[in-house]
Number of protein chains: 4
Amino acid sequence: MANSKFEYVKAFERDDRILPSTWIVVRIDGRGFHKFTERHGFTKPNDARALHLMNAVAMEVVKDLPDIVLSYGISDEYSFVLKRNTTLFERRESKIVTTIVSNFTANYIYMWPDYFPETKLQRPLPTFDGRAVPYPTTHILRDYMRWRQVDAHINNLYNTTFWALIQQGGMTAAEAEKELAHTLSADKNEILFSRFGINYNKEDEMYKKGSVIFREFEKGKEVDGGEDVPDERMTKSQLEKRKKAYKKSQIVVRFVDIMNDPFYDERPWILGTAKE
Amino acid sequence: MANSKFEYVKAFERDDRILPSTWIVVRIDGRGFHKFTERHGFTKPNDARALHLMNAVAMEVVKDLPDIVLSYGISDEYSFVLKRNTTLFERRESKIVTTIVSNFTANYIYMWPDYFPETKLQRPLPTFDGRAVPYPTTHILRDYMRWRQVDAHINNLYNTTFWALIQQGGMTAAEAEKELAHTLSADKNEILFSRFGINYNKEDEMYKKGSVIFREFEKGKEVDGGEDVPDERMTKSQLEKRKKAYKKSQIVVRFVDIMNDPFYDERPWILGTAKE
Amino acid sequence: MANSKFEYVKAFERDDRILPSTWIVVRIDGRGFHKFTERHGFTKPNDARALHLMNAVAMEVVKDLPDIVLSYGISDEYSFVLKRNTTLFERRESKIVTTIVSNFTANYIYMWPDYFPETKLQRPLPTFDGRAVPYPTTHILRDYMRWRQVDAHINNLYNTTFWALIQQGGMTAAEAEKELAHTLSADKNEILFSRFGINYNKEDEMYKKGSVIFREFEKGKEVDGGEDVPDERMTKSQLEKRKKAYKKSQIVVRFVDIMNDPFYDERPWILGTAKE
Amino acid sequence: MANSKFEYVKAFERDDRILPSTWIVVRIDGRGFHKFTERHGFTKPNDARALHLMNAVAMEVVKDLPDIVLSYGISDEYSFVLKRNTTLFERRESKIVTTIVSNFTANYIYMWPDYFPETKLQRPLPTFDGRAVPYPTTHILRDYMRWRQVDAHINNLYNTTFWALIQQGGMTAAEAEKELAHTLSADKNEILFSRFGINYNKEDEMYKKGSVIFREFEKGKEVDGGEDVPDERMTKSQLEKRKKAYKKSQIVVRFVDIMNDPFYDERPWILGTAKE
């Protein structure tokens, strides 16, 4: 930007760098997706094409920003975890959040035809908002992941039962809602099984668990992503080594438990080994 | 979101509401557009198709968010001014910025084929980052607009001369850069005219002035957009009246001076009449 | 501070500069003053010695920080208005607030014996907390001042009646509270007058209006304090002139109306003449 | 505060709660203490009375705010560490910082005559500014403490040598400064020893190490202060037990090493046992 006497207006910009040494979670959410999914004929309660599209889009975001060590998607939302010591964009909140949101949106529109070849996108277009939240300890970050996965479970069980009552039980939405008011998980499982012969445990893992994106390395060639060493403090050869290992690593989507230790214990490169 | 004992993690979200009664400017910028424009064969120094695409995209954003009273675009950036008393998303910064960025990005990808029918979009896709800045007085907001328009002028004069030296003068980029080092505006005008017969004043207004988007009303049916009355304090009939007037109003793009008073004096509905 | 490899911990300090070009109000409040006043035998409903002490203390703060253009005190609170373009401590919030709070506290303890010569200060000592709030327009700042003066009036009328019921009417605190529940201003005036012969209008102006501190200049030698010119943009001779005028000016305490225009119109150097 | 239509001005106050689950350090600094110490005849390089006053004052602050688990003072500054899960004042930054600053200032003025019985306090009075900084991990908090203690050492060695050169060596301040430019620690130790017969290691521990304030418990009756359990999650009997233990505990000042593990390992109630 060129100099001028009006440049003083830049002084009104706030320094929005996120507290160092905290895990940064960027969560994005579809705006007005209830109507959007109706207008575009999404299958209920889950539309596999739409979820695979979300996952493919998230993969592109992760490829673009290697400091993302873990991502988790359910329904029309996705959470991206940046490694604790990331210095991406000097940790500036606006820059981080808008870059991820823009990247996600661009890919969603761009890849839409691959997943919905027969449904043309119509206005209002799908868009996403986002926010960044810092988590000071790995323990609390782990609870964040649990929060989202519990949410996924509760919502999916509800939706599966709700739509079974409508699609197979012939109820209206209002009737189904009333039927499910004050029911517990066990009740919903029972409704599904006794009335519709659905064993919830056998439902698609992607629907029940949500989608988890992370890096897998060849055995013995693991490189720590979430480790407590900022890039600036790594030597050139360390950075080079990681870069190579990253290239050979594979970004994968899995539908697995992230509530408990095994997932993290088996992949210490994701959040590191520090127990907090 | 369902309840669970992990929900405490929400307490780590910051309340990011922007100071009330300030003008909010959201400025978005293309990320890595230098390479993007090269890969997609943009005409230099200005590509009319690309600028018209930016304008069409910004129009969609303005249609979607009627609290935007003024927008200004140059090159790969766009500024959106929200009215002083907007309560859009409770003035939450992340929500406002990401919504605008996502909306802009979605439309850019979606409308690309209309403006570049012969150029398929290739990865890395065009994306935008953004930030929100509050301005406490109309005077300083006016200086913000001046800052951007002065920038537009300086950059366009430089680029026009730079590319003339290359495209018509046969220089390399390095030679052109050297030639222009330490030159003043008058010098560049002179180079353009004497060497290439270009009268800079006759260049396209869109290139020289940038693009200004705002609402025009039928004479006598103006409704104040930037006025100092928050929606909550308006009566139902006032809100209704404004809504109707908005529907009949036209969102327009003009390539005009926004440095001086006439633009605002003739359209008091944009920033109000308060002189600060 | 000396250099060391541990100095990186400074990076966790947040940049807390307050938005430029806003009026900054620092309001301080006595902590636990209810008990403090009881322990130190304050006269109820108002203790003139205590209020004069508060005013004398505030005067010292104003002398120390000439960028304070207006102050207003009631009961155990004081508001200090810094001029819109102050660059005091680079507008860093913590620095501004703690300096004022510390200065106020130091003077309160130091000057206590002058106002309470027969009452020794006892632990817990009187302390004050504080906060800074930015106001983007003069109009809203004026409303802030109105808010505090309306508060002063409502509280003082209530307290005056409450203590008359107790001290002269022989009620208990609970009875007085019950008596006053749901009464309007007119009712309280009536109680005071008909039962106790007190004409509220004739009560001490300091109790009814609160205390206003500002600068008075000799006629013709006024210097604008709240004006829209930051110190950095003033010439040396302008700064010198103001310094001289300040020295000759007098900081005064008055018990006057700050709800309406006359106070400000007659003293344009306080908030400037800009009508917002 | 009474209700009025002007109360909307409260909406301009920012929610300034500090990120949960971070260690909060409040550091206060004397304002203009260079001149203050000269005017009040402080002994150079260290004035024992002044340091004991600082320590006594800090003790009062710690007594008043039991969530402070560790404090450290050097020269005219003091750092107070609040336990990681403190909910003091809902973690509101302004409230926490101003309360500590005000409390410190009040006690400094109040206790002055006990430590300087023959020196009357003169204006400008001693005041302190302060700031709060959140630290996300115990490791980084430990580095903060190291930073301050290294600073204490470096400054005290410099000052001790500087004043020996002046007081015993007959140099001017400028000469002493020049003499010390570019010297290392070993050089200063050598100057002290060879020229003035001073063995720096035998200097007063308070000067060399600074002052550390914390709680000591009777053996077997320790109660964790910095532990990771917020008060709200403790049972009544746990809270009661801690309160009793606190009453029996002793707040002490020690001049000891806080760079290395032993201090913390022997007192796990200060920062907890979590190794981060």
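Here the Cβ of each residue, glycine as well, is placed from N, Cα and C on the backbone.
So that you can see what the record holds, here are the features copied from TrEMBL:
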DOMAIN    D:6-136  domain 'tRNAHis guanylyltransferase catalytic'
BINDING   D:Asp29, D:Gly30, D:Asp76  Mg(2+) 1 binding site
BINDING   D:Asp29, D:Asp76  Mg(2+) 2 binding site
BINDING   D:Asp29, D:Gly30, D:Arg31, D:Gly32, D:Phe33, D:His34, D:Ser75, D:Asp76  GTP binding site
DOMAIN    D:140-259  domain 'Thg1 C-terminal'
Just checking a number: largest C-alpha distance across D:Asp29, D:Gly30, D:Arg31, D:Gly32, D:Phe33, D:His34, D:Ser75, D:Asp76 for the GTP site, rounded to a whole Å.
13
Counting by DSSP secondary structure, give me helix, strand and coil numbers for the domain 'tRNAHis guanylyltransferase catalytic' (D:6-136).
58 helix, 31 strand, 42 coil
So of D:Gly30, D:Gly32, which of the binding-site residues has the fewest other Cβ atoms within 10 Å around its own Cβ?
D:Gly32
So which of the binding-site residues D:Gly30, D:Arg31, D:Phe33, D:His34 end up next to chain C, with Cβ to Cβ under 8 Å?
D:Arg31
Determine the minimum-neighbour residue: among D:Arg31, D:His34, listed as binding-site residues, which Cβ has the fewest other Cβ atoms within 10 angstroms?
D:His34
Neighbourhood of D:Asp29 (Mg(2+) 1 binding site) by C-beta distance under 8 A, where only residues 6 or more apart in the same chain count:
D:Asp76, D:Glu77, D:Phe128, D:Asp129, D:Gly130
Cβ neighbours within the same chain of D:Phe33 (GTP binding site) - under 8 Å, at least six residues apart:
D:Ser75, D:Asp76, D:Pro126
Take the domain 'Thg1 C-terminal' (D:140-259) and average the pLDDT across it for me.
92
DSSP-wise, what's the residue breakdown of the domain 'Thg1 C-terminal' (D:140-259) into helix, strand and coil?
72 helix, 11 strand, 37 coil
Surrounding CB atoms that lie within 10 Å of the CB of D:Asp76 (Mg(2+) 1 binding site), all protein chains:
20
Within 10 angstroms of the C-beta of D:Ser75 (GTP binding site), what count of other C-beta atoms is obtained when all protein chains are considered?
21
